[in-house]
Structures are given as structure tokens and as C-alpha cells.
Amino acid sequence: MDKAKFIDVLSDSTGETAEKAVRAALLQYPDAGVQIRLHTRVRTPEVARPVLERAAQEGALVVFTVVSPELREFVHASTAELNIEAIDLIGSLIVRLGTFLDREPINLPSAMLPLSEEYFRRIEAVEFAVKSDDGKEPRNFKRADIVLVGVSRTSKTPLSTLLAQRGLKVANLPLVLGVPPPLELMEAPQDRVVGLTIGIDQLCEIRQARLRQLGMPSETNYAMREHVRQELDFANRLFAAHPEWPVVDVTKRAIEETAVIILEHLKERDERAKVVRSSLV
């Protein structure tokens, strides 16, 4: 049996940046079975040392984001002393930026920095996404930066949450077979509506898994292939009737990749709008 492998993520703040970077890199090693241990608000050598000693004992990889030069140097020295494989995710970047900008860094962990306008914008966007999930507030479609439209289990909610974390106000609407979308969708700016589609095989699998999770029988219309096909056909007819809506196929795509595609559509939309405005001047 293979020995368990650990990655200790050490941060003087929330550790979110480092953890996301590690998880993104681990996607290239599926089924690696690596366990990530997150150590947050590590701001003194006294707190860091036990983490590093345990990592040395267990042969763990240490990934760290530390802005304090003194603590960063301590971690570098300790990992060398203890013969630990370590990756400094942010230290060299801070130093190189200082050289490029000809300025000294303030050396404060992100959690200790003043709350910015962008922070409050993200909070507002997340609250908007929660209130506008699953078509709950159709009146919000007009206010949304993006309105995601698709049949059940096309990643509308996780996409809304992910995009909201970037400060975008996102609403989403589930398409139900035979039920026309609410008038509010047609009254919203049509270049903000994005259709989501998915392959029938994957959608059936996802829905069957969902039914098993809920302890429900799989022989229901929700997961039956013919019914699923009818739902997808219904959605595709709606998308075809609105060619101004970009349609994104989420089949076998991570939500992060789908989000990037949607953001690219937004960028193209904004660039077209700029061209139109400049032609009117």
C-alpha cells in the first residue's frame, strides 16, 4: 500500500490563494490521493516551527505564502535545515515587483489590509447571486451582469457563485419542459443572457447520481433518457430563437473553465459595445 502523501499549505493569512493554486496544479495528477493540510494565520516562528517539523517527519511538501520578510526567511532556513521540499509561492514575486516598481512593500498579510471597494463589490455580488438563484427573483434579471439559463444540473448555481466571487452580479433560471420563460427574461438586456447546454449522456449520469444521493428511484422522468432529450431539445429551441444569447456547452468541463468561456463572451460583448459607442461620436 502506497504511503500517504501530504501537502502542508502554510499562510500568514487565509491561505485561500495558496490552496487554490495547489488544487489547480493537482488537477494535472488525477487520483493522486494527496491530502492538503491548511495552516492559516501563521505569523510567528513559534507557530510555524511545529508545522515544519511535522512536515519533515512525514515527508510532506510545504507550500507557503508569507509576506513578512523575517518569517519568510525563517521558513526558508527551516525547510533547508529540515531537508523539506518547499515552494514559496509569493516571496519572489513580491521582491521582483518591488524592483520593477522601485518601491518597498508594506509587508502586511492580506487579511490585515483595509477592506477595499472591490471586497464590498464581491460581497454584494454574492448576496445578489444567492437571492437570484434558481429563478427566485426574476425582477433581478434587469440588474444582473449575467443571466444563466439552462435545464436542471447544468452547473448554473456553482457558476453563479464562482462568477459572483469575481464581483459580477449573476442570476440564473432553470428551464422547465413546456414552461415558457418569464417575461422578465425577455425584458432584460439580451446580450447578458447566456445559455448552458450539456451532452445527454453526462446529464443522465449526473441526474441519476443526484437521485441516488436523495434516496429516490432512478426510474423517474427526471433521469429518463427520453425525457432528458425532450428537455434539451426544448432548451435548444429557445436558444435558437435567441441567437443573441451565447450558448456554452458544459459537457466534461470544470466550472472554472466554463466561467472563463463566459468571461470571454462578456469581454467580446463589451468590446462590441465600445465600437458602437465610438462610431456614434
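All positions are counted from 1 along the displayed chain.
Using N, Cα and C of the backbone, Cβ positions are placed for all residues, glycine too.
Going by Swiss-Prot, these are the annotated features:
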- GLY150, VAL151, SER152, ARG153, THR154, SER155, LYS156, THR157: ADP binding site (BINDING)
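Annotation note: THR154 (ADP binding site) sits in a coil segment as assigned by DSSP.
Note: THR154 (ADP binding site) has non-local neighbours LEU196, THR197, ILE198, LEU203, VAL250, i.e. same-chain residues 6+ apart with C-beta under 8 A of its own C-beta. Apart from GLY150, VAL151, SER152, ARG153, THR154, SER155, LYS156, THR157, the ADP site neighbourhood in this chain, defined by C-beta within 8 angstroms of the site C-beta centre, holds ASN172, PRO174, LEU196, ILE198. Remark: SER155 (ADP binding site) has LEU196, VAL250, ILE255, THR258 as non-local neighbours, by Cβ distance under 8 Å and separation of at least 6 in sequence.
When Cβ atoms from all protein chains are considered, those within 10 Å of GLY150 (ADP binding site) total 26, not counting its own.
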